[in-house]
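Visitor: Copied straight from Swiss-Prot:
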BINDING   GLY82, PRO83, GLU84, SER85, SER86, GLY87, LYS88, THR89  ATP binding site
COMPBIAS  362-377  compositional bias 'Polar residues'
REGION    345-377  region 'Disordered'
Amino acid sequence: MSNEGKPLQLTESKKIDAKSGEKEKALSLVVGQIERNFGKGSIMRLGDASKMRVETISTGALTLDLALGGGYPKGRVIEVYGPESSGKTTLTLHAIAEIQRNGGVAAFVDAEHALDPVYAASLGVDVENLLVSQPDTGEMALEIVDQLIRSAAVDLVVVDSVAALTPRSEIEGEMGDHSVGAQARLMSQAMRKITGNIGKSGCTVIFLNQLRLKIGITYGNPETTTGGNALKFYASVRLDIRRIQTLKRGTEEYGIRAKVKVAKNKVAPPFRIAEFDILFGKGISTLGCLLDLADETNVVTRKGAWYSYEGDNIGQGRDNTITWLEQNPESKEIIEKLVKEKLTEGSEVSANSMRPLASAARQASSRPNLSQVSANG
């Protein structure tokens, strides 16, 4: 009985092999035809792609880098939105400074005509080599963005802001004229046009956006962003930034505490939250971010108001501890290295808690060592 079934099985397997061979041949023919018509690289197997992992740009805040899965993704569209004076422009200026430090070229399309070069320079931006455009119309701004992207010579383009991209028809019209949906149509057309070029050139484009309130909304969130829905769909990352606290020394205000929620992320888990300090005239407090994560991962321990490192008290209160980190750069480097090591240990966490990587690292540090367990056993 079993011997009679073997020839039938062999015949079936030969048929399957022949069929798969024909399909593979047809596939290679059609791929070759597409490449001849549209150029090399117009279609490929994903495993053959030269860059599988998405490269990132640091945001300037270690906590936000972790929430984003490394930083801003290169070659993608990013939207940063929030209320006034929440830190939107500061975030993008730090990204520009990071790009320039690594030898890249950045451009700032200042549709609001509000860029402060002195403040930008204080954040580390090389204002001498920063490309700046102050366009008259929304069409002009987006055409400039498209040409910069297609040049493949620019690594980062910042548009400040979508709300200020006024269509030509509105500028040439009179006050009070209704131009319903003109800005949304402009943004939709621009997104369709520039998205393909962004992927090819590897240029990152950050759009800053403002908030508006929907009229007549009783339930749910009445807030929305300007420029229609196109940017929401085309953006790989959307960041919602809010001011949650004003930092004071006595009666003097010296900064704000910002909270960023990753509202959308196509390259890492979304809905993570990061907090950091923005100091007036100085930008994001990198040492403040480091201290927060060192506390989360138990590299630096806190008892009451005192912070201690390796059993020694290093500062009473957060401000004094940050000052100690400034005055001891060697210890700061060691603490930063230890924090990153612990975060790497706990990087497989899947929960979207406030600081998931840090909380996982804390669990990893409290877990007993297997060698110690076996020795004690």
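For all residues, glycine too, the Cβ spot is worked out from N, Cα and C.
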Visitor: Determine which residues of the same chain, besides GLY82, PRO83, GLU84, SER85, SER86, GLY87, LYS88, THR89, have their CB within 8 A of the center of the CB atoms at the recorded ATP site, and list them by sequence.
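Guide: Surrounding the site, in chain order, are ILE241, ARG243.
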Visitor: Using a 10 Å cut-off on CB atoms, tell me which of the binding-site residues GLY82, PRO83, GLY87 is the least crowded.
Guide: PRO83
Visitor: Around THR89 (ATP binding site), how many other CB atoms lie within 10 A of its CB?
Guide: 23
Visitor: Which site among SER85, SER86 has the most other CB atoms no more than 10 Å from its CB, taking these as binding-site residues?
Guide: SER86
Visitor: With every protein chain in view, what's the tally of Cβ atoms within 10 Å of the Cβ of GLU84 (ATP binding site), excluding that atom itself?
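Guide: Cβ-Cβ neighbours of GLU84 (ATP binding site) within 10 Å number 8.
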Visitor: Can you tell me how many other Cβ atoms are located within 10 Å of the Cβ belonging to LYS88 (ATP binding site)?
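Guide: So the number of other Cβ atoms within 10 Å of LYS88 (ATP binding site) is 22.
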Visitor: Return one of helix, strand or coil for THR89 (ATP binding site), based on DSSP.
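Guide: The three-state answer is helix.
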